[in-house]
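Notes to accompany the following structure.
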Amino acid sequence: MRLIMNEKNFQKKQAALAALNYIQTDMIIGLGTGSTVSYFLDVLAASQYNVIGVTTSTITSQRCAELNIPIVDIDAIDHIDVTVDGADEVDSYLNGIKGGGAALLMEKIVAKNSKKNIWIVDRGKVHNTLGSFPLPVEVIPYGSGQLLRQFANKGLFPKLRRHPGNNQPVITDAGHYIIDCHMTTINNPYALAEYLESQVGVVEHGLFLNICDRIIIGGDTVEIKERQQAHVEIN
């Protein structure tokens, strides 16, 4: 297997396989976005479980159609049993940064409406603190330049996400822009989340705090960590 895929992809696939242990027939499953989730969709489609998915992006919806995984609109259901998603970075409290795939708004909506949230990651995503991965902030286009200036003055080192090919702003499925904040360390993610949520024009941010219930870290030996209790630190 190692000859076919590199180590990181091997770890992603092992995490995806392990996540299948938490799936049961007739579940309504939230389906995240990203390369690790793509592996999970493959193993889910190959399984015998009769499930319905709630997707978090156009890309995931397209993959489900290709794999014949039935999906339903989030407003047509009254619950989501479990959501399986990836993460760009996870700390020791199981808080995370998400949004590298520009799907953070819908990912957070689905996560907040799920009974349980499972993240599947490779070992390179796990750190003691958050901040090494740029923090995505989804904003409305109007006034986004003002937010860039405000974030810069706040020391967040913001940069509007653009397509590498044509240099045009990346547009989310909801029609918004993404501002990536390039901080090396986020000492207090709760205070930062509170600040971002107070800014007019900010739709959502990529700090997922006290959301993940279980993280599955892929590898030769799959490691599973569970969140014991909410961790809050505002001051």
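Each residue, glycine too, has its Cβ placed from N, Cα and C.
Annotations in TrEMBL come from automatic prediction, not curation.
Annotated in TrEMBL:
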BINDING   Thr33, Gly34, Ser35, Thr36, Asp85, Gly86, Ala87, Asp88, Lys98, Gly99, Gly100, Gly101, Lys125  substrate binding site
ACT_SITE  Glu107  active site, proton acceptor
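The record gives Thr33, Gly34, Ser35, Thr36, Asp85, Gly86, Ala87, Asp88, Lys98, Gly99, Gly100, Gly101, Lys125 for substrate. Within 8 Å of the mean position of their Cβ atoms, the other Cβ atoms in that chain belong to Gly32, Val37. If you measure from the Cα atom of Ser35 (substrate binding site) to that of Glu107 (active site, proton acceptor), you get 14 Å. Annotation for Lys125 (substrate binding site): spatial neighbours Gly86, Ala87, Asp88, Glu89, Val90, criterion Cβ-Cβ under 8 Å with sequence separation of six or more. A C-beta separation below 8 Å, combined with a sequence spacing of at least six in one chain, links Glu107 (active site, proton acceptor) to Gly32, Thr33, Thr56, Ser57, Asp85, Lys98, Gly99, Phe208.
Counted within 10 Å of its Cβ, the other Cβ atoms near Asp85 (substrate binding site) come to 31, all protein chains included. Neighbour list (Gly100 (substrate binding site), Cβ cut-off 8 Å, at least 6 residues apart, same chain): Gly34, Asp88, Phe133, Pro136.
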